[in-house]
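Below is one structure, written out as C-alpha coordinates; comments come after it.
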Amino acid sequence: MAVTQTAQACDLVIFGAKGDLARRKLLPSLYQLEKAGQLNPDTRIIGVGRADWDKAAYTKVVREALETFMKETIDEGLWDTLSARLDFCNLDVNDTAAFSRLGAMLDQKNRITINYFAMPPSTFGAICKGLGEAKLNAKPARVVMEKPLGTSLATSQEINDQVGEYFEECQVYRIDHYLGKETVLNLLALRFANSLFVNNWDNRTIDHVEITVAEEVGIEGRWGYFDKAGQMRDMIQNHLLQILCMIAMSPPSDLSADSIRDEKVKVLKSLRRIDRSNVREKTVRGQYTAGFAQGKKVPGYLEEEGANKSSNTETFVAIRVDIDNWRWAGVPFYLRTGKRLPTKCSEVVVYFKTPELNLFKESWQDLPQNKLTIRLQPDEGVDIQVLNKVPGLDHKHNLQITKLDLSYSETFNQTHLADAYERLLLETMRGIQALFVRRDEVEEAWKWVDSITEAWAMDNDAPKPYQAGTWGPVASVAMITRDGRSWNEFE
(Lines of atoms letter the chains of each structure in order from A and count residues from 1; the text may use other names and numbers.)
(Lines give C-alpha, C1' and ligand atoms only; values in the text may rest on other atoms or scores of the structure.)
Protein backbone atom coordinates (compact mmCIF):
# COMPACT_ATOMS: atom_id res chain seq x y z
CA MET A 1 0.00 0.00 0.00
CA ALA A 2 1.43 3.38 -0.97
CA VAL A 3 2.49 5.71 1.80
CA THR A 4 0.64 9.02 1.87
CA GLN A 5 0.95 12.12 4.02
CA THR A 6 -2.65 11.74 5.16
CA ALA A 7 -3.54 9.68 8.20
CA GLN A 8 -5.13 6.53 6.84
CA ALA A 9 -8.27 4.93 8.24
CA CYS A 10 -7.04 2.74 11.07
CA ASP A 11 -8.09 0.40 13.81
CA LEU A 12 -5.74 1.55 16.57
CA VAL A 13 -5.53 -1.37 18.99
CA ILE A 14 -4.04 -0.43 22.36
CA PHE A 15 -2.74 -3.43 24.30
CA GLY A 16 -2.50 -2.37 27.95
CA ALA A 17 -5.47 -0.03 27.65
CA LYS A 18 -5.70 0.73 31.37
CA GLY A 19 -1.96 1.18 31.91
CA ASP A 20 -0.03 4.35 32.69
CA LEU A 21 1.32 4.87 29.17
CA ALA A 22 -2.12 4.65 27.60
CA ARG A 23 -3.80 6.89 30.15
CA ARG A 24 -1.05 9.52 30.55
CA LYS A 25 0.23 9.78 26.98
CA LEU A 26 -1.72 7.97 24.28
CA LEU A 27 -5.28 9.02 25.12
CA PRO A 28 -4.48 12.74 25.64
CA SER A 29 -2.50 12.69 22.39
CA LEU A 30 -5.42 11.14 20.53
CA TYR A 31 -7.69 13.87 21.90
CA GLN A 32 -5.27 16.53 20.60
CA LEU A 33 -5.14 14.85 17.18
CA GLU A 34 -8.94 14.86 17.14
CA LYS A 35 -8.89 18.54 18.05
CA ALA A 36 -6.44 19.27 15.23
CA GLY A 37 -8.61 17.38 12.74
CA GLN A 38 -5.81 14.90 12.03
CA LEU A 39 -7.67 11.64 12.63
CA ASN A 40 -9.25 9.98 9.62
CA PRO A 41 -13.06 10.04 10.06
CA ASP A 42 -13.14 6.24 9.86
CA THR A 43 -10.39 5.58 12.43
CA ARG A 44 -11.38 3.58 15.49
CA ILE A 45 -9.65 3.15 18.88
CA ILE A 46 -9.92 -0.29 20.45
CA GLY A 47 -8.65 -0.87 23.96
CA VAL A 48 -7.46 -4.37 24.85
CA GLY A 49 -7.03 -5.80 28.33
CA ARG A 50 -8.17 -8.38 30.85
CA ALA A 51 -10.65 -6.00 32.48
CA ASP A 52 -14.28 -7.06 32.25
CA TRP A 53 -15.30 -3.92 30.36
CA ASP A 54 -17.62 -3.18 27.49
CA LYS A 55 -17.61 -0.11 25.23
CA ALA A 56 -19.45 2.00 27.82
CA ALA A 57 -17.08 1.07 30.66
CA TYR A 58 -14.00 1.76 28.53
CA THR A 59 -15.45 5.07 27.39
CA LYS A 60 -15.80 6.07 31.04
CA VAL A 61 -12.16 5.11 31.72
CA VAL A 62 -10.97 7.18 28.75
CA ARG A 63 -12.96 10.19 29.93
CA GLU A 64 -11.45 9.93 33.42
CA ALA A 65 -7.95 9.68 31.96
CA LEU A 66 -8.44 12.83 29.88
CA GLU A 67 -9.82 14.73 32.86
CA THR A 68 -6.87 13.63 34.98
CA PHE A 69 -3.94 14.04 32.63
CA MET A 70 -4.89 16.90 30.29
CA LYS A 71 -4.28 20.49 31.30
CA GLU A 72 -7.27 21.82 29.36
CA THR A 73 -11.00 21.46 29.76
CA ILE A 74 -12.57 18.80 27.56
CA ASP A 75 -14.58 20.18 24.65
CA GLU A 76 -17.87 18.25 24.65
CA GLY A 77 -18.22 18.36 20.89
CA LEU A 78 -14.75 16.90 20.43
CA TRP A 79 -15.48 14.33 23.11
CA ASP A 80 -18.60 13.18 21.31
CA THR A 81 -16.56 12.60 18.14
CA LEU A 82 -13.68 10.89 19.94
CA SER A 83 -15.85 8.70 22.16
CA ALA A 84 -17.76 7.43 19.12
CA ARG A 85 -14.49 5.88 17.92
CA LEU A 86 -13.97 3.82 21.10
CA ASP A 87 -14.48 0.12 21.67
CA PHE A 88 -13.01 -2.52 23.98
CA CYS A 89 -11.91 -6.14 23.65
CA ASN A 90 -11.57 -8.30 26.74
CA LEU A 91 -8.48 -10.41 26.07
CA ASP A 92 -5.65 -12.11 27.96
CA VAL A 93 -2.59 -11.83 25.72
CA ASN A 94 -1.38 -15.25 26.89
CA ASP A 95 -4.57 -16.87 25.57
CA THR A 96 -3.73 -17.28 21.89
CA ALA A 97 -7.19 -18.54 20.98
CA ALA A 98 -8.80 -15.41 22.44
CA PHE A 99 -7.32 -13.26 19.67
CA SER A 100 -10.09 -14.48 17.41
CA ARG A 101 -12.40 -12.17 19.40
CA LEU A 102 -10.20 -9.24 18.48
CA GLY A 103 -10.14 -10.37 14.86
CA ALA A 104 -13.93 -10.34 14.76
CA MET A 105 -13.91 -6.66 15.78
CA LEU A 106 -11.36 -5.50 13.20
CA ASP A 107 -12.06 -4.30 9.68
CA GLN A 108 -8.91 -5.40 7.87
CA LYS A 109 -10.41 -4.74 4.44
CA ASN A 110 -11.08 -1.03 4.94
CA ARG A 111 -8.83 -0.08 7.85
CA ILE A 112 -5.15 -0.58 8.64
CA THR A 113 -4.63 -2.33 11.96
CA ILE A 114 -2.09 -0.61 14.22
CA ASN A 115 -1.21 -2.68 17.28
CA TYR A 116 0.26 -0.47 20.00
CA PHE A 117 2.10 -2.51 22.63
CA ALA A 118 1.65 -0.34 25.74
CA MET A 119 2.80 -3.26 27.86
CA PRO A 120 6.14 -4.66 29.13
CA PRO A 121 8.41 -6.15 26.42
CA SER A 122 8.10 -9.54 28.12
CA THR A 123 4.57 -9.74 26.67
CA PHE A 124 5.46 -8.85 23.07
CA GLY A 125 6.16 -12.42 22.02
CA ALA A 126 2.78 -13.64 23.26
CA ILE A 127 0.96 -10.73 21.60
CA CYS A 128 2.68 -11.30 18.26
CA LYS A 129 1.98 -15.02 18.41
CA GLY A 130 -1.70 -14.34 19.12
CA LEU A 131 -1.92 -11.86 16.26
CA GLY A 132 -0.12 -14.24 13.94
CA GLU A 133 -2.22 -17.28 14.82
CA ALA A 134 -5.37 -15.20 14.27
CA LYS A 135 -3.98 -14.02 10.90
CA LEU A 136 -3.95 -10.40 12.02
CA ASN A 137 -0.31 -9.82 11.07
CA ALA A 138 -0.47 -9.50 7.29
CA LYS A 139 0.58 -6.24 5.63
CA PRO A 140 -0.33 -3.44 5.98
CA ALA A 141 -0.85 -4.22 9.71
CA ARG A 142 1.68 -2.45 11.94
CA VAL A 143 3.07 -2.86 15.44
CA VAL A 144 4.30 -0.06 17.68
CA MET A 145 6.76 -0.83 20.48
CA GLU A 146 8.26 1.37 23.19
CA LYS A 147 12.01 1.49 23.72
CA PRO A 148 14.08 0.44 25.54
CA LEU A 149 13.69 -3.08 24.23
CA GLY A 150 15.45 -5.46 26.61
CA THR A 151 18.34 -4.78 28.96
CA SER A 152 21.20 -5.89 26.70
CA LEU A 153 22.00 -6.79 23.11
CA ALA A 154 21.03 -10.41 23.75
CA THR A 155 17.66 -9.63 25.34
CA SER A 156 16.92 -7.01 22.69
CA GLN A 157 17.63 -9.52 19.94
CA GLU A 158 15.36 -12.04 21.64
CA ILE A 159 12.46 -9.57 21.70
CA ASN A 160 13.06 -8.46 18.11
CA ASP A 161 13.26 -12.08 16.96
CA GLN A 162 9.90 -12.83 18.60
CA VAL A 163 8.33 -9.86 16.84
CA GLY A 164 10.16 -10.59 13.58
CA GLU A 165 8.71 -14.08 13.45
CA TYR A 166 5.31 -12.56 12.65
CA PHE A 167 6.00 -9.01 11.37
CA GLU A 168 8.45 -7.72 8.77
CA GLU A 169 10.73 -4.78 9.60
CA CYS A 170 8.64 -2.46 7.41
CA GLN A 171 5.68 -3.16 9.72
CA VAL A 172 7.55 -2.42 12.97
CA TYR A 173 7.57 1.06 14.55
CA ARG A 174 9.95 1.31 17.53
CA ILE A 175 9.21 4.47 19.48
CA ASP A 176 11.79 6.68 21.11
CA HIS A 177 9.55 9.57 22.09
CA TYR A 178 12.44 12.06 22.01
CA LEU A 179 12.43 11.69 18.22
CA GLY A 180 8.91 13.12 18.18
CA LYS A 181 9.80 16.35 19.99
CA GLU A 182 9.56 19.46 17.81
CA THR A 183 13.05 20.65 18.75
CA VAL A 184 14.59 17.27 17.89
CA LEU A 185 12.73 17.27 14.57
CA ASN A 186 14.10 20.76 13.97
CA LEU A 187 17.66 19.44 14.13
CA LEU A 188 17.35 18.19 10.56
CA ALA A 189 16.17 21.58 9.31
CA LEU A 190 18.65 23.51 11.44
CA ARG A 191 21.59 21.45 10.25
CA PHE A 192 20.76 20.76 6.62
CA ALA A 193 18.67 23.76 5.47
CA ASN A 194 21.03 26.49 6.70
CA SER A 195 24.39 27.02 5.00
CA LEU A 196 25.67 28.65 8.21
CA PHE A 197 25.61 25.21 9.83
CA VAL A 198 25.91 22.92 6.81
CA ASN A 199 29.37 24.32 6.13
CA ASN A 200 30.47 24.65 9.76
CA TRP A 201 29.45 21.38 11.37
CA ASP A 202 32.58 19.30 11.85
CA ASN A 203 35.93 19.16 13.62
CA ARG A 204 37.27 22.19 11.73
CA THR A 205 34.90 24.55 13.54
CA ILE A 206 33.37 22.71 16.51
CA ASP A 207 35.33 22.23 19.73
CA HIS A 208 32.97 19.96 21.66
CA VAL A 209 29.30 19.10 22.22
CA GLU A 210 27.36 18.64 25.46
CA ILE A 211 24.05 16.79 25.73
CA THR A 212 22.17 17.01 29.03
CA VAL A 213 18.88 15.34 29.97
CA ALA A 214 18.11 16.21 33.59
CA GLU A 215 15.17 15.02 35.66
CA GLU A 216 13.91 16.55 38.91
CA VAL A 217 11.96 13.44 39.86
CA GLY A 218 13.23 10.27 41.48
CA ILE A 219 12.12 6.82 40.42
CA GLU A 220 8.42 7.62 40.94
CA GLY A 221 7.47 4.23 42.38
CA ARG A 222 9.14 2.34 39.51
CA TRP A 223 11.75 0.59 41.67
CA GLY A 224 11.06 -2.84 40.19
CA TYR A 225 11.76 -1.64 36.66
CA PHE A 226 14.41 0.98 37.27
CA ASP A 227 16.71 -1.02 39.53
CA LYS A 228 17.12 -3.60 36.76
CA ALA A 229 17.70 -0.95 34.11
CA GLY A 230 19.52 1.99 35.67
CA GLN A 231 20.08 5.37 34.08
CA MET A 232 22.48 3.95 31.50
CA ARG A 233 19.97 1.59 29.93
CA ASP A 234 16.91 3.74 30.62
CA MET A 235 18.24 7.06 29.28
CA ILE A 236 21.64 6.83 27.56
CA GLN A 237 20.84 3.82 25.37
CA ASN A 238 17.26 4.94 24.92
CA HIS A 239 17.33 8.70 24.35
CA LEU A 240 20.73 10.38 24.52
CA LEU A 241 22.34 8.21 21.86
CA GLN A 242 19.50 9.08 19.49
CA ILE A 243 20.06 12.79 20.13
CA LEU A 244 23.79 12.30 19.60
CA CYS A 245 23.08 10.60 16.27
CA MET A 246 20.90 13.50 15.11
CA ILE A 247 23.70 15.94 15.97
CA ALA A 248 26.56 13.87 14.54
CA MET A 249 25.05 12.21 11.45
CA SER A 250 26.23 13.20 7.98
CA PRO A 251 23.70 14.61 5.51
CA PRO A 252 21.35 11.89 4.25
CA SER A 253 20.78 11.56 0.52
CA ASP A 254 17.11 12.46 1.11
CA LEU A 255 14.61 12.60 3.98
CA SER A 256 13.31 9.08 3.54
CA ALA A 257 13.23 6.81 6.58
CA ASP A 258 16.07 4.55 5.52
CA SER A 259 18.34 7.37 4.33
CA ILE A 260 18.12 9.05 7.73
CA ARG A 261 18.48 5.81 9.66
CA ASP A 262 21.42 4.66 7.53
CA GLU A 263 23.36 7.76 8.59
CA LYS A 264 22.50 7.26 12.26
CA VAL A 265 23.75 3.68 12.13
CA LYS A 266 27.07 4.92 10.70
CA VAL A 267 27.49 7.17 13.74
CA LEU A 268 26.73 4.35 16.17
CA LYS A 269 29.26 2.10 14.44
CA SER A 270 31.88 4.86 14.79
CA LEU A 271 31.55 5.30 18.56
CA ARG A 272 34.87 4.54 20.22
CA ARG A 273 34.57 1.52 22.47
CA ILE A 274 34.57 2.06 26.22
CA ASP A 275 35.61 -1.00 28.19
CA ARG A 276 37.45 -1.93 31.35
CA SER A 277 40.66 -0.32 30.09
CA ASN A 278 39.18 3.19 29.98
CA VAL A 279 35.79 3.08 31.72
CA ARG A 280 36.96 4.99 34.81
CA GLU A 281 38.44 7.74 32.66
CA LYS A 282 35.47 8.05 30.30
CA THR A 283 32.45 7.51 32.58
CA VAL A 284 31.04 8.56 35.93
CA ARG A 285 28.10 6.84 37.56
CA GLY A 286 26.26 8.22 40.57
CA GLN A 287 23.39 7.47 42.93
CA TYR A 288 21.33 10.14 44.69
CA THR A 289 21.19 10.42 48.45
CA ALA A 290 18.63 12.26 50.57
CA GLY A 291 18.32 15.96 49.90
CA PHE A 292 15.92 18.64 48.73
CA ALA A 293 14.11 18.66 45.40
CA GLN A 294 11.17 20.73 44.17
CA GLY A 295 11.20 22.59 47.50
CA LYS A 296 10.81 19.58 49.75
CA LYS A 297 12.93 16.97 51.48
CA VAL A 298 13.23 13.75 49.50
CA PRO A 299 14.72 10.34 50.33
CA GLY A 300 17.82 8.86 48.78
CA TYR A 301 17.61 6.11 46.18
CA LEU A 302 18.32 3.40 48.74
CA GLU A 303 15.58 4.82 50.98
CA GLU A 304 12.85 4.72 48.33
CA GLU A 305 9.87 2.45 48.89
CA GLY A 306 10.73 -1.15 48.06
CA ALA A 307 14.45 -0.40 47.79
CA ASN A 308 17.20 -2.98 47.94
CA LYS A 309 19.53 -1.29 50.44
CA SER A 310 22.63 -2.74 48.80
CA SER A 311 21.75 -1.77 45.22
CA ASN A 312 24.57 -0.47 43.03
CA THR A 313 22.21 0.78 40.32
CA GLU A 314 23.17 4.19 38.95
CA THR A 315 20.73 7.12 38.87
CA PHE A 316 23.25 9.44 37.18
CA VAL A 317 25.64 8.92 34.28
CA ALA A 318 28.19 11.20 32.65
CA ILE A 319 30.21 9.96 29.67
CA ARG A 320 32.82 11.31 27.30
CA VAL A 321 32.01 9.91 23.87
CA ASP A 322 34.50 9.95 20.99
CA ILE A 323 33.43 9.39 17.39
CA ASP A 324 36.11 7.90 15.19
CA ASN A 325 35.26 9.27 11.76
CA TRP A 326 36.56 12.07 9.54
CA ARG A 327 33.86 14.54 10.54
CA TRP A 328 34.24 14.25 14.32
CA ALA A 329 37.76 13.00 15.08
CA GLY A 330 39.07 15.04 18.01
CA VAL A 331 35.66 16.46 19.02
CA PRO A 332 34.42 14.99 22.32
CA PHE A 333 30.72 14.62 23.03
CA TYR A 334 29.87 14.86 26.73
CA LEU A 335 26.63 13.22 27.81
CA ARG A 336 25.03 13.51 31.25
CA THR A 337 21.69 12.45 32.60
CA GLY A 338 20.34 11.87 36.07
CA LYS A 339 17.43 11.80 38.44
CA ARG A 340 16.89 14.20 41.36
CA LEU A 341 18.84 16.97 39.63
CA PRO A 342 18.04 20.66 40.30
CA THR A 343 15.71 21.12 37.34
CA LYS A 344 13.96 19.27 34.53
CA CYS A 345 15.61 20.16 31.24
CA SER A 346 16.98 18.67 28.06
CA GLU A 347 19.43 20.55 25.88
CA VAL A 348 22.24 20.25 23.39
CA VAL A 349 25.08 22.78 23.50
CA VAL A 350 27.48 23.00 20.57
CA TYR A 351 30.70 24.90 21.37
CA PHE A 352 32.54 26.43 18.42
CA LYS A 353 36.29 26.95 18.30
CA THR A 354 37.65 30.41 19.01
CA PRO A 355 39.43 32.39 16.26
CA GLU A 356 43.10 31.58 15.71
CA LEU A 357 43.98 35.27 16.23
CA ASN A 358 42.42 37.44 18.95
CA LEU A 359 42.19 41.06 17.77
CA PHE A 360 40.32 42.19 20.87
CA LYS A 361 42.75 41.48 23.70
CA GLU A 362 42.09 44.89 25.24
CA SER A 363 38.52 43.78 25.92
CA TRP A 364 38.89 39.99 26.18
CA GLN A 365 42.23 38.34 26.88
CA ASP A 366 40.72 34.97 25.99
CA LEU A 367 37.72 35.11 23.71
CA PRO A 368 34.80 32.98 24.92
CA GLN A 369 33.52 30.33 22.56
CA ASN A 370 30.42 30.94 20.48
CA LYS A 371 27.86 28.37 21.48
CA LEU A 372 24.65 27.13 19.96
CA THR A 373 22.12 25.95 22.55
CA ILE A 374 19.22 23.77 21.42
CA ARG A 375 16.59 23.68 24.16
CA LEU A 376 14.60 20.47 23.83
CA GLN A 377 12.53 21.17 26.96
CA PRO A 378 11.25 23.29 28.59
CA ASP A 379 10.98 26.65 26.75
CA GLU A 380 11.72 24.93 23.46
CA GLY A 381 13.94 26.92 21.17
CA VAL A 382 17.42 27.72 19.90
CA ASP A 383 19.86 30.45 20.89
CA ILE A 384 23.31 31.44 19.70
CA GLN A 385 25.79 33.15 22.01
CA VAL A 386 27.97 35.69 20.21
CA LEU A 387 30.16 38.68 21.06
CA ASN A 388 29.01 42.17 20.09
CA LYS A 389 30.51 45.62 20.48
CA VAL A 390 28.91 47.65 23.24
CA PRO A 391 27.47 50.87 21.69
CA GLY A 392 29.33 54.04 22.65
CA LEU A 393 31.90 56.67 21.61
CA ASP A 394 34.82 54.95 23.33
CA HIS A 395 37.55 54.19 20.81
CA LYS A 396 38.05 50.77 22.35
CA HIS A 397 36.10 47.76 21.17
CA ASN A 398 34.31 46.85 24.36
CA LEU A 399 32.71 43.49 23.73
CA GLN A 400 29.77 41.90 25.46
CA ILE A 401 28.23 38.44 25.25
CA THR A 402 24.74 38.58 23.74
CA LYS A 403 22.25 35.98 22.63
CA LEU A 404 20.25 35.60 19.45
CA ASP A 405 17.22 33.73 20.75
CA LEU A 406 14.51 31.84 18.88
CA SER A 407 11.75 30.78 21.24
CA TYR A 408 9.26 28.42 19.61
CA SER A 409 6.27 29.72 21.53
CA GLU A 410 7.06 33.37 20.77
CA THR A 411 8.38 33.09 17.21
CA PHE A 412 5.64 30.81 15.93
CA ASN A 413 2.91 32.08 18.27
CA GLN A 414 2.33 28.53 19.45
CA THR A 415 0.28 28.13 22.60
CA HIS A 416 0.35 24.35 22.14
CA LEU A 417 3.41 22.54 20.87
CA ALA A 418 2.41 19.07 19.77
CA ASP A 419 3.44 16.41 22.26
CA ALA A 420 5.91 13.84 20.93
CA TYR A 421 3.27 11.12 21.09
CA GLU A 422 0.88 13.18 18.96
CA ARG A 423 3.48 13.34 16.21
CA LEU A 424 4.51 9.70 16.51
CA LEU A 425 0.96 8.36 16.56
CA LEU A 426 0.17 10.41 13.47
CA GLU A 427 3.30 9.22 11.65
CA THR A 428 2.33 5.64 12.44
CA MET A 429 -1.10 6.24 10.92
CA ARG A 430 0.54 7.81 7.87
CA GLY A 431 2.89 4.86 7.48
CA ILE A 432 6.06 6.96 7.74
CA GLN A 433 8.96 5.35 9.62
CA ALA A 434 11.56 8.15 9.59
CA LEU A 435 11.00 9.03 13.27
CA PHE A 436 11.16 5.42 14.42
CA VAL A 437 14.19 3.32 15.26
CA ARG A 438 15.30 0.50 12.99
CA ARG A 439 16.44 -2.81 14.42
CA ASP A 440 20.10 -2.37 13.49
CA GLU A 441 20.11 1.02 15.25
CA VAL A 442 18.86 -0.55 18.44
CA GLU A 443 21.42 -3.33 18.27
CA GLU A 444 24.41 -1.08 17.51
CA ALA A 445 23.44 1.09 20.49
CA TRP A 446 23.24 -1.97 22.74
CA LYS A 447 26.66 -3.22 21.57
CA TRP A 448 28.25 0.03 22.69
CA VAL A 449 26.31 0.26 25.96
CA ASP A 450 26.91 -3.39 26.88
CA SER A 451 30.69 -2.94 26.88
CA ILE A 452 30.30 -0.14 29.45
CA THR A 453 27.86 -1.94 31.74
CA GLU A 454 30.02 -5.08 31.58
CA ALA A 455 33.09 -3.03 32.56
CA TRP A 456 31.19 -1.52 35.49
CA ALA A 457 30.14 -4.98 36.63
CA MET A 458 33.73 -6.29 36.47
CA ASP A 459 35.10 -3.29 38.38
CA ASN A 460 32.35 -3.67 40.98
CA ASP A 461 32.75 -0.03 42.04
CA ALA A 462 29.80 1.49 43.86
CA PRO A 463 28.23 4.52 42.16
CA LYS A 464 29.43 7.83 43.56
CA PRO A 465 26.91 9.53 45.87
CA TYR A 466 25.38 12.92 45.12
CA GLN A 467 22.81 14.81 47.14
CA ALA A 468 19.33 15.09 45.66
CA GLY A 469 18.90 18.57 44.19
CA THR A 470 22.51 18.88 42.98
CA TRP A 471 24.12 18.35 39.56
CA GLY A 472 25.49 14.90 40.23
CA PRO A 473 28.78 13.62 41.65
CA VAL A 474 31.78 15.94 41.81
CA ALA A 475 33.59 13.38 39.67
CA SER A 476 31.42 14.34 36.68
CA VAL A 477 32.78 17.88 36.93
CA ALA A 478 36.32 16.56 37.26
CA MET A 479 35.88 14.42 34.14
CA ILE A 480 35.15 17.37 31.87
CA THR A 481 37.50 19.74 33.72
CA ARG A 482 40.44 17.42 32.96
CA ASP A 483 39.85 18.24 29.30
CA GLY A 484 39.92 21.99 30.00
CA ARG A 485 36.15 22.34 29.57
CA SER A 486 33.10 22.76 31.80
CA TRP A 487 29.43 21.81 31.82
CA ASN A 488 27.02 24.46 30.60
CA GLU A 489 25.41 26.38 33.45
CA PHE A 490 21.62 26.48 33.45
CA GLU A 491 19.99 29.86 33.96
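Every residue, even glycine, has its Cβ placed from backbone N, Cα and C.
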Listed by Swiss-Prot with HIS177, LYS181, ASP234, LYS339, LYS344 as binding substrate, from among GLU158, GLU215, GLU220, GLU362, is GLU215
For the NADP(+) site that Swiss-Prot gives as ASP92, VAL93, LYS147, the extra residue out of ARG44, ARG50, ARG63, ARG191 is ARG50
In chain order, residues whose C-beta lies under 8 angstroms from the C-beta of ASP92 (NADP(+) binding site), counting only those at least six residues away in the same chain, are ARG50, ALA98
Spacing of the two Cα atoms, ASP234 (substrate binding site) and LYS147 (NADP(+) binding site), in whole angstrom, works out to 9
Rounded to a whole number of Å, the separation of the Cα atoms of LYS181 (substrate binding site) and HIS239 (active site, proton acceptor) comes to 12
Reduced DSSP state (H/G/I helix, E/B strand, rest coil) at VAL93 (NADP(+) binding site) is coil
Min neighbour Cβ count (10 Å) across binding-site residues ARG50, LYS147, LYS181 flags ARG50
Of all C-alpha pairs drawn from the substrate-binding set HIS177, LYS181, GLU215, ASP234, LYS339, LYS344, the farthest apart lie at a distance in Å of 20
